[in-house]
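**Q** Just passing along the structure, written as structure tokens.
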Amino acid sequence: MTDIINKLQAFADANPQSIAVRHTTDELTYQQLMDESSKLAHRLQGSKKPMILFGHMSPYMIVGMIGAIKAGCGYVPVDTSIPEDRIKMIINKVQPEFVFNTTDESFESLEGEVFTIEDIKTSQDPVIFDSQIKDNDTVYTIFTSGSTGEPKGVQIEYASLVQFTEWMLELNKSGNEQQWLNQAPFSFDLSVMAIYPCLASGGTLNLVDKNMINKPKLLNEMLTATPINIWVSTPSFMEMCLLLPTLNEEQYGSLNEFFFCGEILPHRAAKALVNRFPSATIYNTYGPTEATVAVTSIQITQEILDQYPTLPVGVERPGARLSTTDEGELVIEGQSVSLGYLKNDQKTAEVFNFDDGIRTYHTGDKAKFENGQWFIQGRIDFQIKLNGYRMELEEIETQLRQSEFVKEAIVVPVYKNDKVIHLIGAIVPTTEVTDNAEMTKNIKNDLKSRLPEYMIPRKFEWMEQLPLTSNGKIDRKKIAEVING
């Protein structure tokens, strides 16, 4: 495996003025990225705890990542948009020695020695630093939601990141020194899919401003100003962008590669993208945070669309061996698997196994292997029981999306006394709803040919678009709040 830091330094030495990172009007060249990260690494040197990387989309967040990797301590990205109580939970769990605050704000909850961008810019520390990171060191820890309300810190090993990056570069058909687009916040591991493959191939990482997440017109302006070659995002974010009629190959001929991860890629969205960008390479990938971003991939073509009404997630990558339990739960084994949850032995023991030096992770996803392809069939914890029948909400959503009247759909269970009493479908219709009763009848008639009566939602709520979280995923919680009043 090729060391990522060495690749970055070699490219910076050969192309010092090439742009490494761009966010709106802020840019850093490769030389600046390596110099500034070395100055930060000098300050972190010797630390045995991960550095808290605090902020939002900005080039200096990348400086923080590379600096922490060089120092060998790794980093924990914390987004400023999350609630203060959650920030405190993460800080208390990490107990950091150092915090790199890339914002102009000060936060009382930040503990440890705090560095700012200005501290690094004005530092007299040397701009040369020999990387200290080892293959078995934790390179980053990303906190995900926990069922108890306490976030879980997923620890990823440096060797796992290097292996993932090499795999991404093998998939990449666009070549080196490309313009990459990253939509995901740094606290969401989808960002890893853009950051390291981009920089390891001498590309320019273009960061989508958080204000663009629910405003495709602003993104349109960005794409017009900067010809993007490779787009990394969630399917939900892409679906929102497809509302722009100008998002097509004729308008944006430079866009020749797409990577999707983080959610199921709906057939209709993939079909629209293939139609609009017939020359582009489009990848559907799958993977949990606990297995280093993604463990499978498939190139979506017209042939694949014709063959599969529900898209597969493809075949496993190096470092990931997939299997299922008797109940159909997907299990991942190999180098890609996380080192476990930070300071949470109980939760780690529930889903990880490290016997005989082999790491395995029970994903909680239902899956099947068919015709040489892996298919994700929803979450085990998205199962509900209604009138004695056990069912998968995502199965109902998949069938809804196949209706000619439905563009996007989420199914929300309605509870009474902790019991599901009926289902409501949140629907983005393909046409304006002028007759509520007629549209409801049409959709239900569509479903009756594919689902038993007990799985059909009692009623539907019409939405212009489904709200997204800051990560660009569908915000199920917000939809439920809207529906339940």
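Residue 1 is the first one shown; counting continues down the chain.
Positions of Cβ are set from backbone N, Cα and C atoms, glycine also.
Checked Swiss-Prot, it gives:
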| type | residues | note |
| --- | --- | --- |
| BINDING | Thr144, Ser145, Asn284, Thr285, Tyr286, Gly287, Pro288, Thr289, Asp365, Lys473 | ATP binding site |
| BINDING | Asp189, Val293, Lys473 | D-alanine binding site |
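Help me picture where these features are in the structure shown.
**A** Annotation note: Tyr286 (ATP binding site) sits in a strand segment as assigned by DSSP.
There are 26 other CB atoms within 10 A of the CB of Val293 (D-alanine binding site), with all protein chains counted.
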**Q** Mind checking which of Asp189, Asp365 has the fewest other CB atoms within 10 A of its CB? They're the binding-site residues.
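**A** Counting other Cβ atoms within 10 Å of each of the binding-site residues Asp189, Asp365 gives the minimum at Asp365.
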**Q** Largest pairwise Cα distance, Å, within the listed ATP binders Thr144, Ser145, Asn284, Thr285, Tyr286, Gly287, Pro288, Thr289, Asp365, Lys473?
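**A** Across Thr144, Ser145, Asn284, Thr285, Tyr286, Gly287, Pro288, Thr289, Asp365, Lys473, the widest Cα separation comes out at 24 Å.
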**Q** In Å, rounded, how far does the Cα of Asp365 (ATP binding site) sit from the Cα of Lys473 (D-alanine binding site)?
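**A** Rounded to the nearest whole number, the Cα-Cα distance is 17 Å.
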**Q** Which residue, of the binding-site residues Thr144, Asn284, Tyr286, Pro288, Lys473, has its CB surrounded by the fewest other CB atoms within 10 A?
**A** Thr144
**Q** For the recorded D-alanine site formed by Asp189, Val293, Lys473, name the remaining residues of the chain with Cβ within 8 Å of the site's Cβ center, in chain order.
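**A** Here the non-site neighbours turn out to be Ala184, Phe188, Leu190, Ser191, Val192, Met193, Thr234, Cys261, Gly262, Gly287, Thr289, Asn471.
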